[in-house]
């Protein structure tokens, strides 16, 4: 105990005797599996408690657990992003929120709660979308943890962090820890952008969302879900035309519910309720607090190990299946060469300022090391030359005569696709 | 912090910076530029700079729908290929697997979509619906029943509606050239 007291004296202000007694058992001495670069003692504690800046994306079921775990394990500079507001149905598991908070920003309330409860921890909230922030924002963090419920948001943050990696700047590589749960199942993984397999690499492992054949919905409904899909997929566009359905709008859900209920009665189907309607159209899977707790703990454990190098971190995929008993499996998910985000070939190419697009294509075709036939070229947001379909070939044909330097800035990127390439090739253009 | 950078030093290829083009965009570029369509199918881009919204015209050269030109609207969102493209027929047509609003019953557009499929597979699938209308998976129930019950009458209905005729109170679009 005496040793712990002395060591804790060095930590940041606001820490009391023995505050991190248990955590310090790990940080004060190396273990058999610690990384050789592990600096036991004050330095690592100073990094964890005073220097390390960590970003938590999502302040929902996983996010609340993650924030609490991080704060209690000694991270003191935590940022959190969430675009959602608190709904009454969140309160059973998102324990940083109370009834009075319903309608307020999840990020703001969660940050406030943690700061009140855990002295000395600074939580900086952002109530908005991850897409609002640019690279400079993400560059300030040492680590990113995601507790998201959407594939789209995960793909975005994954692609952003992979794209951010700059070969000239080691600080640009931000470890991404991704947690996810679905009912009794969950997963936690460590992504080191460009080094390990990324989120996009594993996209084909995802369960596809339940979709019913549209003909069943239209003609032979048997389940309450069929009636709800009928209301949302077929009746909504028929009745409301181009008006977009907003699944967060109670009036819209109410309308769908009434239509679905009527349909269900017609076919003598039971079980269409307001909450099932909401569940089906928003694709809600029942969330289970204990699954969230396990996955959040696993994610924070990885964050702690990566931030401190005190133990070997997860390599690189942990899955939990709690549907029949408790089963877990850890494996190394492999990088995919044809991953559109982190895979594909990449090449630095030096061109003369006067060379045309046509000349660039000839150079690509002749190069032995890439062996590309009929390449199509684009720069971000702009087509340069497309081999097909005919209309686009024609539209982009005038570019063949243009100088590459008129279309792409120095240091700019060109994406090349061709049937002969596994996925794509990205060129970084330099001019002489 | 762990020293990830030392692990990177050994990899030269991967260390190059990647473009800001989204994965969906690259994938659509790949799908479109590698389309291998027969002469019976043609894409049209109202805005050639926008690869995510376009139409496909199918002009079957055999089968019951021969002589028609059927136009489908394709809308691809940023979650492609995790999500399938949204496809609708822009005309009111008489077909067992297409309803009067233009919704299409094609398994790979909904329940059997997989990210390994591509735009080419969807287009070929659509063309197949015109060669072999499927009465067992109906979206236009009346058309399907007619096809099962009386093939001659069904064929007659197809011909009438393709010319822009009316049938049982519904006015169909003229799809013949």
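From the backbone N, Cα and C atoms, a Cβ is placed for every residue, glycine too.
Listed in TrEMBL for this protein:
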ACT_SITE  A:215  active site, glycyl thioester intermediate
DOMAIN    A:349-432  domain 'E2 binding'
C-beta crowding around the residue listed as 'active site, glycyl thioester intermediate', within 10 angstroms: 24
Mean per-residue pLDDT computed across the domain 'E2 binding' (A:349-432): 88
Secondary structure composition of the domain 'E2 binding' (A:349-432) [DSSP: H/G/I, E/B, coil]: 26 helix, 25 strand, 33 coil
Secondary structure at residue A:215 (active site, glycyl thioester intermediate), reduced by DSSP to three states: helix
